[in-house]
């Protein structure tokens, strides 16, 4: 039971105790109103069994009474695991399941509890919980477990014919019952990943205004200049460890979607939790709305963003500068800020500007590069030879293309001790104007200039393939069907096993399909794509194409940065993540035609990536969480969020 003294005054003291049925007395009408009709914010200063606000939740049991699944750890447990020094403000413990309940911030019971997605369990509330928290009569009489709820959700999802309808249903579930959403997602990750994220999220962003039902994340616009810190303080969660932010200018391969790009941060952070185990309340999706140049959206009556052309130059820079300063002021130095789907001209500048002062990461540049490098390391186990013994040709010289190329060169330099400039000469890029060569250097954007090598001008991809004779062909152009039959056949003509990565998203923008790659190469291609493709049968053999999905990398990378208390992202951490992922690919995967491990093991994969990244953070002296844990894999696993229901008492 809960006793409240001086509830109308500041500095309220809440004393918590468990009362037997014989000690129970009816609430006064005032208290009944307090519990059933209002959410009353109360400064909680009590401790129960060493846990802050432990009046409602039983942190020693999950809904099945099988223990806490390693999700709730005492201070002694953390110390034993090597988790570091005591953290009185909770800044370093965002991945850990705390004894936090509705009572620690607000009194939420009855009708309000059923509408709180963080604590709602729907029909899984037990008989005792329904009595204790004024739910009797607000739910049908049956009580079900989380597993039955999951089966019902999956059965309903499979009735939909359109992926977008499944996406909307999943977002509705997330808004109603957070733990059930993640339980369903984690247990069915291979089936639901294309629904929650690419390729379906692209269509969702295009239609975001029409399907908008409830706000997700934080919206910051030009109208909020000078008040961004106040906006951040409006967000209910105060301990944030991962922010994904976009300005919506380059959403996947779909272009400028303005404010409707919010689907990307929301989806990315769902993956941080489901795949990487970062606690959902520690994640914050943000869209910075500076307008849009998309005329279709500006004329759409359902568009949810600013109806103006995009701000650029000083106005844009000042807003981003205020945002970055406000984040650091409000959440501290160790919050990871992931830049997502910014246009090339801003993406590179933002990463260069803030990488020295903030913990920042660009998934389009660095995450894509890391997962592709992992795929290449795995592919070389089949085609033999080192990175330096291969020649690489890219179609596309934007964020993804140049980011991948740079990370390949860095790994090549690390393996051979050769200068980075020499390693870059093994890598060629083709943009919309043809092969990037030295004679074009004066007109190239700064991020393309390192790839301008001595060679005669070449106008087409096919001519570049025939001239350069690459062993690896990588597509990041965002233009569909550009790896034509002639291009693939040319690759197969001088490579026993041509490596072909068609990475552009969504599926319609993929440079070629898996079926085309296998058929045109006579079944010899080592293929990977950015979007998922179905298995392909070729002359009696079934190929299961690998997906070079950034979701392999960024959740584990983020978890590793958080559990080590990293203060900066270093390129060696990206290389460590690539190597960790490549290690998880097995001969069984290779025999099926895939160079990546199956997504069904993604949480195990993420734990290993997190451990390798955290180890590199400690080795580089960039960790703030000391001492270093003895077993980083076990520690990463122990910090992962579990979606199992908690028992309320």
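Each position is counted from 1, following the chain as shown.
The backbone N, Cα and C atoms fix where each Cβ goes, glycine too.
The active site, proton donor annotation in TrEMBL covers 197. The feature active site, proton acceptor is assigned by TrEMBL to 268. The feature divalent metal cation binding site is assigned by TrEMBL to 340, 341, 364. Marked as domain 'Malic enzyme N-terminal' by TrEMBL: 174-355. Annotated domain 'Malic enzyme NAD-binding' per TrEMBL: 365-618, in sequence order.
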Around the Cβ of residue 268 (active site, proton acceptor), the count of other Cβ atoms that are within 10 Å: 28
Residue 364 (divalent metal cation binding site), number of other Cβ atoms within 10 Å: 23
Number of other Cβ atoms within 10 Å of the Cβ of residue 197 (active site, proton donor) across all protein chains: 25
Cβ neighbours of residue 340 (divalent metal cation binding site) where a neighbour is any other Cβ within 10 Å: 28
8 Å Cβ shell about 340, 341, 364 centroid, divalent metal cation site members excluded: 246, 250, 251, 264, 339, 342, 347, 362, 363, 399
Residue 268 (active site, proton acceptor) and residue 197 (active site, proton donor), Cα-Cα, nearest whole angstrom: 7
Number of other Cβ atoms within 10 Å of the Cβ of residue 341 (divalent metal cation binding site) across all protein chains: 26
Nearest-integer angstrom distance between the alpha carbons (Cα) of residue 340 (divalent metal cation binding site) and the residue listed as 'active site, proton acceptor': 9
Residue 268 (active site, proton acceptor) and residue 341 (divalent metal cation binding site), distance between Cα atoms, whole Å: 11
